[in-house]
């Protein structure tokens, strides 16, 4: 009669040759499981019976979905799409950034009268005098006085339209400054003459727009000798230059201001009030 050990070894060898695997239970006996047992169905097999799920799976594996995986990756990283686009700026964006950097650098280099201890600090009082000559308040007061003292219809017509041009300049410059909201240069000292709320912004230069518009107006409607015409032209250029030397504005603020003032005069010509219109206006005021 074979021993128990012989039976156990025979059973183990038989189980291995039959392709079975087993484990012992609490009583020390083997419980055999077939290695040929059917595996659980995979995800693809389970979804094969569901047409909707199968179509969804095929769509997820399509090339279009794989090409769009970049956007999903950016969303998974938590980075907004616009930030991802900024990482690859266009040529125009690079060019504008470079021009802005050059503008800031050049404006700071030219601000030689920004304070008394600057390299040209001794010229600062003269530059501030030129600054006042291009301010809006002296021009409005002087034009109103000229309109009051004018003894001819032609003189009144010119003074009235110049006054209207100054009002248009103040309105348009204020609107553009409020929209753009560009800060003044960091080296500027806020000791300007008679400033208003929008004057804390830099773009465009109101002095430059006013100088260009008034210079063109005077050269077109006043009979001036050649030296005076040259003086008016030089005055408008010095007003714009003083804005950069004093550190009030950047170079682009002044250049755009000159361009804006030049075209503002065209608007004044379109809205020109004749002497007949002035007489009718005065009649309405007196009536």
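Just so you know, glycine gets a Cβ as well, placed from its N, Cα and C.
A TrEMBL annotation is a machine prediction, not a hand-curated record.
Keep in mind it's a predicted model, so treat the numbers as computed, not measured.
Feature annotation from TrEMBL assigns region 'Disordered' to 1-82. TrEMBL lists 8-28, 69-78 with the feature compositional bias 'Low complexity'. The annotation transmembrane segment is assigned in TrEMBL to 126-148, 160-180, 217-242, 262-285. Positions annotated as domain 'Phosphatidic acid phosphatase type 2/haloperoxidase' by TrEMBL: 158-269.
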Exercise for the section: Would you mind listing the long-range same-chain contacts of the transmembrane segment (126-148), meaning Cβ under 8 Å and 6+ residues beyond its ends? Expected result: 113, 155-156, 159-160, 162-163, 166-167, 169-170, 192-194, 206-207, 210-211, 214, 235, 238-239, 242-243, 245-246, 248
Handout entry: Secondary structure content, the domain 'Phosphatidic acid phosphatase type 2/haloperoxidase' (158-269) (per DSSP, counts of residues)
Key = 82 helix, 2 strand, 28 coil
Handout entry: Predicted model, mean pLDDT over the domain 'Phosphatidic acid phosphatase type 2/haloperoxidase' (158-269)
Key = 91
